[in-house]
Amino acid sequence: MQSALAGIRVLVVEDEVLIAMLIEGMLAAAGCAAVIPVADLEAAIIATDREQFDVAVLDLNLNGQDGSLVARALRSLGIPFIFASGYGPGGVPAEFLDVPFVSKPFKASRLIEAIGRVLAARP
């Protein structure tokens, strides 16, 4: 059976290098065609302009920077995303309460399920 993530390209916005590597490994094992990791707000905004991807995984706190700025950019482009954060869903701005949230630490199955959900909801 083919994974729901087979062939997709994922932007991973995560400031912790080891966590980004873990997420990248989980997504590669799930069959993603490409995982584009970026570690800060500026790199994430640049990636939304220069890279093509199907979905994004966003940390809310990027070394003290507000990850919801990236979420706004993605939403304006029509790119689905999920939040993955260790701070809990209480830190999600009201405008993004409809976005799936995965609490760190998480298992690959939880990450893949959340991504699959937002991909399935695409028009």
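In case you wondered, yes, glycine gets a Cβ from its N, Cα and C as well.
Unlike curated records, TrEMBL annotations are generated automatically.
The domain 'Response regulatory' annotation in TrEMBL covers 9-119.
Annotation comment: TrEMBL describes Asp59 as 4-aspartylphosphate. In sequence order, Val13, Glu14, Asp15, Glu16, Gly67, Phe83, Ala84, Ser85 are the residues near Asp59 (4-aspartylphosphate), counting only same-chain partners six or more apart with C-beta under 8 A.
Helix, strand and coil content of the domain 'Response regulatory' (9-119), in residues and according to DSSP, is 51 helix, 26 strand, 34 coil.
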